Amino acid sequence: MNILSPSLLSADFKKLGEEIAAIDKAGAEYVHIDVMDGQFVPNISYGMPVIKSIRSCTKRVFDVHLMIDEPIRYVKDFADCGADIITVHVEACKDVAATLEAIRQLGVKPAITLNPDTPVSAIEPYLNQVDMVLVMSVVPGAGGQKFIPESLDKIRRIKKLLDENRLHADIEVDGGINTDNVRAALDAGANIIVAGSAVFKGDAAENVKKFKELM
Ligand SMILES: O=C(CO)[C@H](O)[C@H](O)COP(=O)(O)O
């Protein structure tokens, strides 16, 4: 089944609860939550207190993407505030295997991601430890950027590696996805779609429905 994970980064923060209720009711299966620390990426977004407070707004899966240095320091805090999936950057961890294992031990699904200029070979050793691989199709740090077309090849290569090794991890794609390119991402092998501005610009419920029809 293909899954939509709207990114709250583009939501209207002054009515976050209403925005989450709208995407939930319209059928989005996940809620994508981008945490930025001003170190791994230049921007700072939001963290544990916000996630804890919105946890009561929905029962949907909280898909937490940590754009932070040394995320192992905080994985327990994110698990405690309601994360169901925690994604860490291969570039941000001193010990990637230990970080993924720490997430697993907390009863949360571990996932790994890589920046657009990081080769697939960097994540290959960890594919047997993760429930999901996130392919960043923009440079992480901000919503509203243009999809990098080479990301489709990356998705295909990761899908091939997973299949060859009989691994069943999901493939998520994040950055610049809209109703014009979502089909290409799915056809390349992604099964979880993150969309921020294409969902929250305009009527979020209507936009979720349009995505779901195409998926
Ligand atoms: O991780 C992100 C940025 O680092 C966002 O999730 C991503 O960019 C989604 O926003 P949009 O769909 O507007 O590109």
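Cβ coordinates are placed from backbone N, Cα and C, and glycine is handled just like the others.
Marked as active site, proton acceptor by TrEMBL: Asp34. Long-range Cβ neighbours of Asp34 (active site, proton acceptor) (same chain, at least 6 residues apart, Cβ-Cβ under 8 Å): Ser7, Leu8, Leu9, Ser45, His65, Met67, Gly143.
Listed in sequence order, Ser7, His32, His65, Thr113, Leu134, Val135, Met136, Ser137, Val138, Val194 are the same-chain residues at least 6 apart in sequence whose CB falls under 8 Å from the CB of Asp174 (active site, proton donor). A strand conformation is recorded for Asp174 (active site, proton donor) in the three-state DSSP classification. The active site, proton donor annotation in TrEMBL covers Asp174.
Taken from TrEMBL, the feature substrate binding site covers Ser7, His65, Asp174, Gly175, Gly176, Gly196, Ser197. Proximity of Gly175 (substrate binding site) to non-local residues of its own chain (separation of 6 or more, Cβ distance below 8 Å) is seen for Met136, Ser137, Val138, Pro140, Gln145, Phe147, Ile148, Ser151, Val194, given in sequence order.
The feature divalent metal cation binding site is assigned by TrEMBL to His32, Asp34, His65, Asp174.
Across the residues the record lists as binding substrate (Ser7, His65, Asp174, Gly175, Gly176, Gly196, Ser197), the two Cα atoms farthest apart are 17 Å from each other.
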